[in-house]
Amino acid sequence: MAEDEDFSPNLLTEKMKHSNGDFVAPDGLCWMSVLSCLLLACSYVGSLYVWRSDLPRDHPAVIKRRFTSVLIVSGLSPLFVWTWREFTGVRTGPSLFALMGIRFEGLIPAIALPLLLTMVLFLGPLMQLAMDCPWSFTDGIRVAFDPWFWMLCLSDMRWLRNQVVAPLTEELVFRACMLPMLVPCAGPSTAIFTCPLFFGVAHFHHVIELLRFRQGTLSAIFLSAGHLVGPVLCHSFCNYMGFPAISTALEHPHRHTVLSSYLLGVILFLLCLFPFTDPSYYGLPTPVCTLTSSPSSLCLS
């Protein structure tokens, strides 16, 4: 078929050229990528509202129903990527799961470095939490290794939603599935800023998400590491910490120390962002970056 020939691997690579520094995607690829991402985003958010109930969203019955919906959509989400790949004719060396960040190569740094980078950003809130927490460090270690503590957490529907199901399903859908479809169209750098827009469409009641760079940072982590686990853990950690309570920090008895920690955390985050998103730490080449010849620092060692 002519359509298959237009998107053959060699022609795809030849068409992904740069004119005056701008990335040019093959004809017809972008609209298919955007449409696939939009359908996937609408499917995800639509699954949250298929259950009609007068109960509040934090009610265990509502949470369980939504678990069922989002887990089904998330389980089917790789089919969107597979269908996109088959329809466009894009052929890749890495497997479908590798493109989605499900692989073993570079797993340990993909777990440790992104989480450490996120904790650096939250240095101020962590300092504030440490000052206000009545527990000692040894108490925290003891609780962290207490199986009864984790059994209690796993029995809490809200904890499961915020720390496990939401990070896992959202990162699978909005990072692992969408970025492989957006990168060949727009290039890695543009895909980082485009992907959060679909997250905003699906979370239109959370307008603040469009104003925060967390989503862009998670996309950069996914592209540089080529792993899903890093964004999932960082997402879970961000959900646990919540939005920084700057107003509380301004009224804190040790506000100078706390505010200095906020500032230091942001500075260290900016200094560590590019070194910690160096693909050479995670095992080159990152599978998603094989989809494009766009000269991005996220795809180069």
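Glycine residues also receive a Cβ, built from the backbone N, Cα and C atoms like all the rest.
The annotation domain 'CAAX prenyl protease 2/Lysostaphin resistance protein A-like' is assigned in TrEMBL to 159-241. In the predicted structure, the domain 'CAAX prenyl protease 2/Lysostaphin resistance protein A-like' (159-241) carries a mean pLDDT of 82.
Among the features that TrEMBL reports, transmembrane segment is placed at 31-51 (among others).
Through the fold, the transmembrane segment (63-84) approaches residues 32-33, 36, 39-40, 43-44, 47-48, 50-51, 53, 57, 90, 96-97, 99-100, 157-158, 160-161, 165, 168-169, 172-173, 177, 180-181 of its own chain, all at least 6 residues removed from its boundaries and within a Cβ separation under 8 Å. What TrEMBL lists as transmembrane segment is 63-84 (among others).
Annotation comment: TrEMBL describes 96-123 (among others) as transmembrane segment.
The transmembrane segment feature in TrEMBL is assigned to 181-204 (among others).
Annotated transmembrane segment per TrEMBL: 216-238 (among others), in sequence order. Non-local neighbours of the transmembrane segment (216-238) in the same chain are 98, 100-103, 106-107, 109-111, 113-115, 117-119, 122, 162-164, 166-168, 170-172, 175-176, 179, 183, 188, 191-193, 195-196, 273, 277-279, 281-283, 286-289, 298-299; each lies 6+ residues outside the stretch with a CB under 8 Å from one of its CB atoms.
The feature transmembrane segment is assigned by TrEMBL to 259-277 (among others).
Long-range neighbours of the transmembrane segment (96-123) within the same chain, counting only residues 6 or more positions beyond its ends whose Cβ lies under 8 Å from a Cβ of the stretch, are 78, 81-82, 85, 172, 175-177, 180, 217, 221-222, 225-231, 233-234, 237-238, 241, 244, 261-262, 264-266, 268-269, 272-273, 276, 281-283, 287-288, 291. Using DSSP to sort the residues of the domain 'CAAX prenyl protease 2/Lysostaphin resistance protein A-like' (159-241) gives these counts of helix, strand and coil: 72 helix, 0 strand, 11 coil.
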